[in-house]
Amino acid sequence: MGCNRNCGLVAGAVIGAVLAVFGGILMPVGDMLIEKTIKKEVVLEEGTIAFKNWVKTGTDVYRQFWIFDVQNPDEVTVNSSKIKVKQRGPYTYRVRYLAKENITQDPETHTVSFLQPNGAIFEPSLSVGTEDDTFTILNLAVAYNNTADGIYKVFNGKDDISKVAIIDTYKGRKNLSYWSSYCDLINGTDAASFPPFVEKTRVLQFFSSDICRSIYAVFAAEINLKGIPVYRFILPSFAFASPFQNPDNHCFCTEKIVSKNCTLYGVLDIGKCKEGKPVYISLPHFLHGSPELAEPIESLSPNEEEHSTYLDVEPITGFTLRFAKRLQVNMLVKPAKKIEALKNLKHNYIVPILWLNETGTIGDEKAEMFRNQVTGKINLLGLVEIVLLSVGVVMFIAFMISYCACRSKRVN
């Protein structure tokens with residue numbers, strides 16, 4: 001009887017040890033299987049999850065415009081007064097609903113090229129007025145029309161998953177010809193996705209044709225988005241800092257007068273890529289900008305929540321599941337003796353014309369599919385690993401204690 005009992009205790013301990021070992025082995029093996037599956041599914045080629053969502057996004061993307069309506073144009077032109085503006089909006093358009101065109105795979109370079117159509121549908125129910133509303137603004141043709149963007153050529157990740165979605169060339173070039181030195185390079189992805197297995201320490205680089213440059217985002221927080229853990233990356237103020245604050249930005253300063261010897265920060269002269277128009281880009285309401293930018297403009301009220309740019313990235317796949325891109329279009333106005341409306345101006349103005357908020361969030365159906373196909377399976381595997389390891393260890397310890405107790409009792 002004692003032998004049977006001892007044998008049972010030993011057998012229980014052995015089973016516990018086996019479960020614990022199996023759970024321990026499953027951890028690296030499971031991680032390896034997950035990594036292998038992810039590497040397969042994020043490649044930009046026919047038949048993968050990434051390719052299907054890359055060709056045509058399943059997310060509704062909206063671009064909202066707020067117009068700065070000038071309230072005192074006569075005072076400004078006659079007395080060089082402060083400009084009083086009234087923000088009017090939003091005027092909302094649905095964008096990015098068209099599939100990529102001219103998709104061409106190049107097996108030799110492991111790249112895929114495409115053209116991105118830029119259609120826009122006005123959404124009256126999400127707007128404060130109609131497209132026929134009138135405003136008093138400066139006469140500036142803002143380059144946000146329905147032309148296509150590209151051609152882009154990006155790495156498909158077939159040979160190297162760490163390069164997937166990274167832009168190789170834009171319009172056939174690896175640089176933009178707008179800036180000097182490394183500022184002119186086209187870096188990173190288009191921000192719709194990034195190479196998988198994103199860590200918090202990674203700096204996410206991406207190119208935006210809207211601002212005519214490459215830029216970057218840094219980790220800010222962990223967030224739960226519709227049951228999916230994501231990392232929020234934000235555009236840091238350092239990205240638009242002056243060269244005195246951030247020496248890496250020296251090649252974005254292209255002149256000395258308006259920039260006050262490159263000390264002005266929070267604004268970027270993009271005239272070279274806007275057909276020579278005196279266009280300046282900033283964050284809305286000159287967020288993170290030099291105080292002198294907002295000083296001659298009344299009624300501006302910058303705040304992080306409404307005016308900052310962020311990306312919510314699922315770290316395992318690298319997919320951007322929610323984003324908000326906010327920027328402001330401004331125009332440089334200078335005194336000009338030969339122009340009646342400008343001859344009485346006493347100083348330069350960088351005048352806000354409009355600001356836009358482009359947002360997109362993964363839909364409920366897509367989120368459910370993502371949970372089922374990606375995060376759900378990973379969480380289940382992790383749970384099985386922990387249960388096996390925990391139960392195995394507990395069983396081993398409990399049966400070994402009982403066995404030792406029985407042995408001690410028999411000796412006594």
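Even glycines carry a Cβ here, placed using N, Cα and C.
Here TrEMBL flags K409 as ubiquitin cross-link.
Here the Cβ of C183 (disulfide bond) has 18 other Cβ atoms within 10 Å, regardless of which shown protein chain they belong to. According to TrEMBL, the feature disulfide bond maps to C183-C251 (among others).
Annotation comment: TrEMBL describes C212-C273 (among others) as disulfide bond. The local packing around C273 (disulfide bond), expressed as other Cβ atoms within 10 Å of its Cβ over all shown chains, amounts to 18.
The disulfide bond annotation in TrEMBL covers C253-C262 (among others). If you take the C-beta of C262 (disulfide bond) and look for same-chain residues 6 or more apart in sequence within under 8 angstroms, you find S242, P243, F244, H250, C253, K256.
What TrEMBL records for Y403 is site 'Critical for TLR4-TLR6 dimerization and signaling'.
Residues or ranges marked as transmembrane segment by TrEMBL: 7-29 (among others).
Residues or ranges marked as transmembrane segment by TrEMBL: 380-406 (among others).
When the Cα atoms are compared, C212 (disulfide bond) and C251 (disulfide bond) turn out to be 13 Å apart. Least packed by the Cβ count within 10 Å, out of the disulfide-bonded residues C212, C251, C253, is C251.
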